[in-house]
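**Student:** Take a look at what TrEMBL says about it:
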ACT_SITE  TYR95  active site, proton donor
ACT_SITE  LYS166  active site, proton acceptor
BINDING   ARG148, ASN399, ASN444  (S)-malate binding site
BINDING   GLU237, ASP238, ASP261  divalent metal cation binding site
DOMAIN    72-252  domain 'Malic enzyme N-terminal'
DOMAIN    262-513  domain 'Malic enzyme NAD-binding'
Amino acid sequence: MNEELIIGIDRLKNPSLNKSTAFTSEERDKYKLHGLLPTAITTQDTQLKRVLANLHRQESNIARYIFLNSLQSRNERLFFRLVSENIKEMLPIIYTPTVGEACQEFAHIYQQQKGLTLSATNRGQIKEVLQNWPHKDVRIIVVTDGERILGLGDLGANGMGIPIGKLSLYTACAGIHPEYCMPVMLDVGTNNVSLREDPLYLGLTQKRIQGDEYLSLVDEFVQAVQEIFPKALIQFEDFLTPNAYALLEKYRKSILCFNDDIQGTAAMALSGVLASCGITGHAFKDLRLMFLGAGSAATGIGDLIKLALVAEGLTESEAVQRLWFVDENGLICKERDDLMPHNLPYAHEQPMLSFIGAINHFKPHVLIGATGVGGTFNSKVVKAMCKHNEHPVLLSLSNPTSRSECTAQQAYEWSDGNVIFASGSPFPPVTIEGGRRFIPGQGNNVYIFPGVGLGALAGDASIITDEMFLIAAKTLAKQVSKTELLNGTIYPDLDNILDISLLIAEQVATYVFEQGLNRSPQPGDIKKVLQDMMYNTIY
Ligand SMILES: NC(=O)C1=CN([C@@H]2O[C@H](COP(=O)(O)OP(=O)(O)OC[C@H]3O[C@@H](n4cnc5c(N)ncnc54)[C@H](OP(=O)(O)O)[C@@H]3O)[C@@H](O)[C@H]2O)C=CC1
Ligand SMILES: CC(=O)C(=O)O
Ligand SMILES: [Mg+2]
């Protein structure tokens, strides 16, 4: 429908067209808005001040989340301007850690549908349901089935908060127009009994469907997307690790898709490791790395680091010798018979060791936590890392904050300020005994997926490859300034996230054209294509 024909109350109720009190006198004439708004005509700047002040009136993060959620439903451009101009303040509300709480409370704070719900009861009709979506040119889909929401486990249909949040970041951090974005919840039931028994729960109150029944439903969705939204990139998010790998392997070579927890996370972690070499003076190709946790996040990182080491001239088996994994049962090694397929390449010929035993045996330079279990880096762990390194690198990646392997305060205190630290969810600056102050970085895939998605979109890519994540990691690492490195920070300032995403997108799109992965003709100037695509939040 021609947007100019949307008038009166319908214009005010349309979040993408609504300017509320900023509608000018001429617009009020044209769109028949007189009487439907107060007399004063305000600027968007004044509106920004008002919403920010009202946000600050809210007394808890979940109240701030609900406030922002309502703003997004009322006035999209104001919401995205508020978020992108105050990204460091807004990220912890619309994303981790508060988005975790919002998912846990999803059914209790629900106000209005955002995103598309596809339920197991829609089998056979997924195409028709996709056609109910109000926008016809979808380019980015973030889909979850809610089974591994951050480190919070199976949250069933409540997991919808994650695709909504990730897609808000596509707009706020990479300028992708909200109409290109479609959050999807594949509601296949939940094995979380307390949710099934919650009278307010909004999903299917049955156990999860599994096996072929599950895979064929996902397949119906993926194939329907190819038909209804043929240009759309599918980002798989927060699937349980075995499904995450199974779906990625099934579709990565033929469908435009990636798994953010495996591949996006990997690029973010690799970038941090590369940047850390600028502080420690180690050569990347000489590093030894250990992981606590051996799920999709940890092995995804391992796989990309292996690729990066091979690109530095190591053989694949030499690269594997640099990567050691420990899970709840101890070291991933050949003698174990309980390993999942994605662990097998990293099972070393080595007798079983405990976590601390493995640190002391292997003496890693870098320790990466992706367990989903808070407190698993205790003082003994941090001190063991310090015994072997002047400046150990510690990435405590689990989300939300309650699941972080350690806090920033603990990491700096236990290491006497010597650790190079970043965490998946943000921690405030830390001052340790003696008055030394540290600003911990945030090691989160938000640095990667918006740029990679935008690059794939600008290049009209047919598939996403691991090389794109390697490119994204290297581009991101170069954005850390000398001053940041001197301060022990290995991720660039989040205030620069839009520029960073644009740089990543440019590199990814360039690669797409170089490799002939583009589905449309190559434009003359990629930078201009990206600039022209930028969503304008200002009215
Ligand atoms: N910062 C970021 O950008 C990202 C962070 N993450 C976070 O990573 C975490 C893990 O995600 P994912 O890999 O998908 O989850 P998984 O559940 O697949 O993996 C968790 C791994 O940790 C192991 N583990 C559990 N408890 C312990 C313990 N006490 N000691 C040692 N190992 C343990 C598990 O072993 P076992 O199987 O034996 O239980 C498993 O190998 C989540 O919290 C998620 O939020 C994920 C993506 C991005
Ligand atoms: C950040 C993210 O993707 C996760 O914790 O799952
Ligand atoms: Mg995730």
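Each residue, glycine too, has its Cβ placed from N, Cα and C.
Predicted automatically and left uncurated, TrEMBL annotations should be read as such.
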**Student:** To the nearest Å, how far is the Cα of ASN399 ((S)-malate binding site) from the Cα of ASP238 (divalent metal cation binding site)?
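**Tutor:** For ASN399 ((S)-malate binding site) versus ASP238 (divalent metal cation binding site), the Cα atoms are 12 Å apart.
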**Student:** Consider only the recorded positions TYR95, LYS166, ASN399: which of them have a Cβ under 6 Å from an atom of ligand 2? Write none if no residue does.
**Tutor:** ASN399
**Student:** Cβ under 6 Å from an atom of ligand 3: which of these recorded positions qualify? The list is TYR95, LYS166, ASP238, ASP261.
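**Tutor:** Passing the 6 Å Cβ check against ligand 3: ASP238, ASP261.
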**Student:** Including all protein chains shown, what's the count of other C-beta atoms within 10 A of the C-beta of TYR95 (active site, proton donor)?
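**Tutor:** For TYR95 (active site, proton donor), the count of other Cβ atoms within 10 Å is 29.
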**Student:** Name the residues of the same chain, 6+ apart in sequence, whose Cβ is under 8 Å from the Cβ of ASN444 ((S)-malate binding site)?
**Tutor:** TYR95, THR96, MET268, LEU397, ASN399, GLY424, SER425
**Student:** So which binding-site residues are near the residue listed as 'active site, proton acceptor', with CA atoms within 10 Å, out of ARG148, GLU237, ASP238, ASP261?
**Tutor:** GLU237
**Student:** Please report the distance from the Cα of ASP261 (divalent metal cation binding site) to the Cα of ARG148 ((S)-malate binding site), rounded to the nearest angstrom.
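**Tutor:** Here the two Cα atoms lie 10 Å apart.
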**Student:** Which recorded positions from the set LYS166, GLU237, ASP261, ASN399, ASN444 come near ligand 1, judged by a Cβ under 6 Å from any of its atoms?
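**Tutor:** List returned for ligand 1: ASP261, ASN399, ASN444.
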**Student:** I need the most crowded of these binding-site residues: GLU237, ASP238, ASP261. Count other C-beta atoms within 10 angstroms of each C-beta and give me the top one.
**Tutor:** GLU237
**Student:** Sorry to bug you, but what's the C-alpha spacing from ASP238 (divalent metal cation binding site) to ARG148 ((S)-malate binding site), rounded to the closest Å?
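**Tutor:** With distance taken Cα to Cα, ASP238 (divalent metal cation binding site) is 5 Å from ARG148 ((S)-malate binding site).
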**Student:** Given the divalent metal cation site residues GLU237, ASP238, ASP261, which other residues of that chain have a Cβ within 8 Å of the mean position of their Cβ atoms, reported in sequence order?
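**Tutor:** My list of surrounding residues reads THR144, ARG148, ILE162, PHE236, PHE239, ALA244, ASN259, ASP260.
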**Student:** Within the domain 'Malic enzyme NAD-binding' (262-513) only, compute the mean pLDDT.
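**Tutor:** Mean per-residue confidence for the domain 'Malic enzyme NAD-binding' (262-513): 97 out of 100.
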